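*Asks:* So TrEMBL lists these for the protein:
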{"type": "DOMAIN", "residues": "B:299-415", "note": "domain 'ABC3 transporter permease C-terminal'"}
{"type": "TRANSMEM", "residues": "B:16-34", "note": "transmembrane segment"}
{"type": "TRANSMEM", "residues": "B:299-318", "note": "transmembrane segment"}
{"type": "TRANSMEM", "residues": "B:349-369", "note": "transmembrane segment"}
{"type": "TRANSMEM", "residues": "B:381-405", "note": "transmembrane segment"}
C-alpha cells in the first residue's frame, strides 16, 4: 500500500515540477533556518575537542562574597585561596581546574611585538579536564605549578607565527617583560570551546597578580572553576561536597562570607544561565519562551504555503478520491494517503534542509557566532541535529497536509465524484 | 473587472484562505521588522559627532619591580604621570602621527565610563542634580577625534580661545539653559561643592555609538600637564587612555613596522606602550551584538519574502492548471494574453489588499501599547507611511514576480487546446 503511495507521490512530483520544486525548497529553507537555531544551541551544549566531556562537566562561574555586617556585597569570582580550599580538595570528581582569562602581549626576547593574545592562567588539572591534542612537548607539570615557574603552552598557530616552526620547546617568549619557557604546543582549539580557548596557557602561580589575592578579605578573585565528574550521576554528590567545603571555609570566621550559589551543568549554561550580578538559573522554560516564537514563525510561514499547495493539488484530485471512496476506501486510508504523499515532499525538503543549515551556519558564522570561531564536523553532526530535523519535518507535514487531508476524507462521495465545490 | 475578480477570489476561497493567512501574518511581521529597521537605520545615519578613521588606541603597561630592566625609584626623579606625558610626546613627534591625546574614561567604543552630577551655579533655587556621563580630556582630544561645535568649526581652537575647564554638548546646553547660549556660564559639581567652573565651549551633540541617541554629557578639560599628573596619581598612569590620529594615507598594516622603528622611544622609565589597536576594530567588536541583531532581522525579512514568493508561485501555478478551461474560454472569447495576465496580477494583489484592514487593527493596537521604539526616533506619519508602505510594496513586488511564472505559462497556452479541458 505504502509503495503505491510512494509511486503516486513521485509521479505527482514529476507532473508538477514547478510546484514540487517550490514546495521542497520552501520546506528546506524553513527546516534549515530552524536547524540553524538548534545548531547554535547544540554548539553551546554538545562536547567536542578540547571540551569533549562536556556532559560530565560542572562549572563554578562566580561566587558571592558578603561582609559579615552585610553592608558590602560582592558578586565576583574565586580567589586562589577559595580555589585551594574549596575546589582542589574535592574527592568525588575525576579532575578539577581553576581558570582565569586575560589578554597579554606576547613578544620575543630579541624583538618587541605589539599584538594582544588571549591568555589563560590555570593549573595542571586543566590538561586533565580538557583533552587538548599536543603536537609537541607536554603540559606544564605539578612541580612547575607549585614553584610558580614561568612556563607556557601555546597553540601551533602562535608557534608558527613567533618561531616559524611548530616545535619551539624550550624556547622563550616574553609576557610583559618576563621570559616564559615554552613546554608544549597544542592544536588550535575552536573559540566555541570558550572555557578552554586561549592562545597561551600559563600556571597562574607564575603571575603575582593571581596569588595570595587579598581583595574582600581574600575571598574575591578572578578564577572560575571547571569540574570533570566521573559520570553525570555524580553531579549531586559533587554539589553537596562543594557545599560542605564552603561551610568549612566560612567556619574560619573571615571578614567576608563566601557563597557558591550555582554549580552549573553544561545544559544550564547552554540554556543561558550565568553567574553575573547575582546569577540566574535558566532552564528549558526560559529558553523556550524566548526561542519558541521564532521557531513557530519559521515553521508557520512555510506551513501556510504548503497547505495552499496541498489544498490545490487535493482539490484537483477530488474525483479520484471520490472514486476510491466509492470503492470502499475508508476515511483513515485517504487521510494516510494524503499525509504520506506529502511526507515525501517534506522529507526531501528536510534532507536538503540539513545540508543547507550547515552551509548557512558556515556562511552566517560572522553574525551567528563570531568570525573567528572554527566550526568543526564534530560539533555539527550530532544526533540532536537529525532528531530535530526529523521532528520538525514531521510537524511541518502534519500541519500543512493535515487539514486538507481531513477535509477531503470527510467529503461526500457524490460531491467528490461530481467535482462540485461546496 | 474588480467585481468579477472578487467573485473569483471568493469562489477560490478554499485555496485562497491559506495564502491569505500567510500574507496576513507576513504583512504584520514585516511591518514590525521594517519599523525596527527604520529606527536602527535612521539612528545609524545621523551624525555621530566624532570621527575615528585613522585613530588608534594606545595601551600602556608598567613594569613590576621583579622584572629585569625595572628602573628603581632612586634612579629617576620623574613621577609616572610625567613619564606618561613624555611617552605621549615621543609618539606625537613621529612624522606619521598627526596628533596624540591623553584622556580618562573618554574612549569611544569602550565600557570604561565616568558619570557625575553637574548643576548650574547661577540658579540659586535648589535644583535637582542630574547625573551625566563626562569625559576627562586634553584639548588635543578634540583634534584626534575631529570634534566640532554646532556650526561645524573645529572645537579645539574654540576651547583654547576661552578660559574654563568645562565643555558641554549641545544637548546639555539645551537641557541647562533652554536655548540660551551656554558659553562662559558657571557650573558646579553639586549643590554642596564650593567654587564654580566656567563653560569654555559648546560642542555639537555626540552619541555614544551609531545605535544610540545623543544624550547630554560634558567634558572636563585638562588645561595643563599638572592635571594629567594629578589623575595619574590616583588612577595610575598605565590606566590613563591615549589615542593617536595618524596622517591620511597611513594603513593599519604599517603600524607594526612603525612601532618596531620607534621601539626604544616607547619606554620611559617603567612605563611602556604595550599595544596599539585601531579604533575601527574596537568599534566592530563593541557594536557586534547590535550589528548582528540587525543582520538577523534582515535575514528574517529575506526569509519572509522568499516564502511569499514560493507561496504565490505554488498557489497560482496549480490554479492555472486547475482553471485551464476557464482561461481557455476567456482567450477564445477574445481576452488578450496581457489581459489574462493582468487578471491574475489583480487577483494576487487584491489578496494582499484585503489584509490591510486587519493589519491596521493590529498596528493600532501595537501603537496603543507603545511597543515600537519611540525613544530613539519619534513616531510620525512619515514613519508609519515609510514602514507600512515599504512592507506592502515589498510584498506586492514579490507577488508580481511570483505570478509572472504561471502567467507566462498562460501566455503560451493555445486557446483551442485549453478549451479541450472545458
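Glycine too: its Cβ is placed from the backbone N, Cα and C atoms.
A TrEMBL annotation is a machine prediction, not a hand-curated record.
Mind running through what each feature is packed against?
*Replies:* Across all of the domain 'ABC3 transporter permease C-terminal' (B:299-415), the predicted model scores a mean pLDDT of 82.
Listed as Cβ neighbours of the transmembrane segment (B:299-318) (distance under 8 Å, sequence separation of 6 or more from its ends, same chain) are residues 15-16, 18-19, 22-23, 26, 29-30, 33-34, 37, 344, 348, 394-395, 398-399, 401-403, 405-406, 409.
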*Asks:* For the transmembrane segment (B:16-34), find every same-chain residue at least 6 residues outside the stretch whose CB is under 8 Å from a CB in it, and list them.
*Replies:* 9, 297, 300-301, 304, 307-308, 311-312, 315, 351-352, 354-356, 358-359, 362-363, 366, 386-388, 390-392, 394-395
*Asks:* In terms of Cβ proximity under 8 Å, which residues at least six beyond the ends of the transmembrane segment (B:349-369) contact it?
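*Replies:* Non-local partners: 2, 5-6, 9, 16, 19-20, 23-24, 27-28, 31-32, 379, 384, 388, 392, 395-396, 399-400.
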*Asks:* Per DSSP, what is the helix/strand/coil residue tally across the domain 'ABC3 transporter permease C-terminal' (B:299-415)?
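*Replies:* Going by DSSP assignments, the domain 'ABC3 transporter permease C-terminal' (B:299-415) contains 98 helix, 0 strand, 19 coil.
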